[in-house]
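The structure under discussion appears below in the form of structure tokens.
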């Protein structure tokens with residue numbers, strides 16, 4: 001049975017491998033903590049911005065998967081640090097011999113799987129944000145007036161706070177407010193002829209005005225905010241609606257939220273990629289260390305040369321042994337590990 | 001009769017020195033925290049100096065910064081002394097300086113306590129600065145064309161949105177000033193002319209407020225104009241309406257913000273002060289214990305440490321005596337000098 005990707009490891013190389021692995025494991029733990037923090041931040045942002053995303057949008061699953069992946073990366077990092085530290089000390093290594101095997105399997109299958117999944121989500125989900133935001137913001141605009149309806153009574157406050165905080169107005173511009181009824185019927189005087197005219201002027205019987213809520217106002221404007229009669233050039237002195245002015249916020253909330261969430265997702269994605277790389281390196285190094293020390297029979301300080309390898313035999317031999325032993329669990333591991341191992345292998349001979 | 005005597009053998013002395021060394025380095029960290037707290041308060045005061053008439057007192061943050069730096073310096077020095085205290089050779093060079101150094105430490109602790117008190121007590125000066133500054137801010141709200149004041153509108157609007165407040169003590173303050181610039185008034189309209197003629201100063205006063213006073217939690221779209229006229233709006237009663245605008249005045253909101261900031265900084269300073277007092281007491285015990293060692297040439301012996309060699313009234317009497325002697329000594333020298341000069345002249 002020829003071992004897969006063997007590497008000869010004399011005592012000095014083993015020591016250097018263990019030391020390098022210790023450093024990488026702590027870096028992996030740090031990357032895991034960063035992933036946890038970043039996905040926690042995204043989760044908190046989504047709690048507050050989630051009302052502007054359509055419920056069917058799958059974006060909210062990204063921070064949860066990233067949290068799990070970060071936790072597993074942290075665990076792998078801490079375990080790797082402990083194992084590499086113990087491998088330098090003959091007295092501390094024996095209890096780690098038993099743990100190392102399951103740790104490697106859990107790290108590769110669980111951690112690797114979760115990280116790949118999270119990375120895929122971070123790359124693919126922002127595409128669905130566009131549609132989700134379109135629907136979500138549209139619903140928020142329509143429900144702005146429903147401050148008495150249970151389930152939507154906070155829509156006004158949340159929409160106002162969004163426009164105040166993110167400096168935006170409407171979906172793609174302030175004219176979106178002209179197409180929805182944002183004044184509740186409760187505050188419309190049914191005996192006022194002007195109100196009746198407006199309601200009768202459109203098919204759906206909505207009270208539409210060419211005005212916007214106060215939260216669209218831009219404090220940088222030199223004049224007090226003009227919120228009503230925005231399409232009538234003669235309603236306000238010195239006001240020309242065709243001229244770009246500072247009166248209201250110019251950008252729409254759709255673009256602002258899209259940029260915001262996409263930048264958060266791409267930051268999370270880059271941190272996940274770095275964590276994935278570090279995890280692959282740590283797991284590879286641990287495997288080589290484990291097999292080299294097993295070759296010496298678990299004796300750390302032996303001066304002899306040991307051979308480290310990834311797998312004791314080729315794929316076919318491994319499957320045969322696994323089938324003969326009746327261990328079904330081994331079948332999952334070899335199918336996942338070969339693709340990731342070839343590129344980083346060049347780094348190891350330097351250790 | 002020494003004050004608060006404690007017996008120290010070699011091991012206890014070593015442990016005291018090591019413990020003090022650790023506490024001193026923790027105290028350096030506390031000093032850095034005090035420094036950053038002072039810096040933070042200074043930046044926060046600067047950020048809003050526009051509404052404080054640019055005349056706010058920076059005494060509290062400056063003193064926090066100073067005390068933080070002094071604490072770092074003194075505590076690292078004390079840490080070095082405690083480290084050297086374990087080695088008799090190195091300690092010998094510090095010995096003559098320890099008594100004056102302890103006096104300086106006591107003075108520093110008193111200063112630290114005074115700074116902590118200031119954090120709690122100096123709120124009052126802020127109130128009058130804020131009242132004046134906000135009044136000016138509202139007065140210059142409309143002067144967006146005047147250089148030097150063109151930013152006041154933006155500052156007031158952002159302040160009212162962020163602190164959820166309106167006007168100086170309430171929204172009615174806006175009724176008393178003209179906050180709409182003449183540039184945007186249609187001076188040919190009869191209504192505008194009536195309003196301007198209706199008061200002595202010829203100002204355009206409205207019972208309306210800027211948009212930044214609006215409360216997003218209100219169930220109805222914000223009513224900004226004709227606030228005292230119930231018939232101008234459907235189903236509106238200005239006396240019972242509470243959610244439409246922010247009810248608090250900005251003076252109270254800013255005061256409570258800065259007040260809570262200074263209270264928490266005062267509490268942190270008090271904690272650091274307690275820590276510093278413990279360190280000074282420990283250093284005094286170490287000093288007196290090591291003083292007892294150097295008399296017999298036996299480092300392993302048991303000595304006593306105390307806070308004051310005699311009881312408090314006796315120490316005070318001795319201190320006054322030494323002051324008098326110092327004064328008398330100068331007098332004798334002066335008389336001697338005069339007597340020396342007189343025979344020469346004569």
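All positions are counted from 1 along the displayed chain.
The backbone N, Cα and C atoms fix where each Cβ goes, glycine too.
Caution: TrEMBL annotation is automatic and unverified by curators.
The feature transmembrane segment, as given by TrEMBL for the ranges A:241-263, A:264-286, A:287-309, sits at A:264-286. Residues A:64-83 are the range that TrEMBL records as transmembrane segment, among A:64-83, A:144-163. Checked against TrEMBL, the range among A:21-44, A:165-188 recorded as transmembrane segment is A:21-44. Long-range contacts of the transmembrane segment (A:264-286) within the same chain: residues 17, 20-21, 24-25, 27-28, 31-32, 34-35, 38-39, 41-42, 45, 59, 62-63, 66, 69-70, 73, 76-77, 80, 83-84, 100, 103-104, 107-108, 111-112, 115-116, 118-119, 122-123, 125-126, 310, 340-341, 344-345, 347-348, 351, each at least 6 residues beyond the stretch ends and with a Cβ under 8 Å from a Cβ of the stretch. Beyond the transmembrane segment (A:64-83), the same-chain residues lying 6 or more positions past its ends with a Cβ under 8 Å from any Cβ of the stretch are 21-22, 24-36, 38-40, 42-43, 96, 99-100, 103, 106-107, 110-111, 114-115, 117-118, 121-122, 268, 272, 275, 278-279, 282-283, 285-286, 289.
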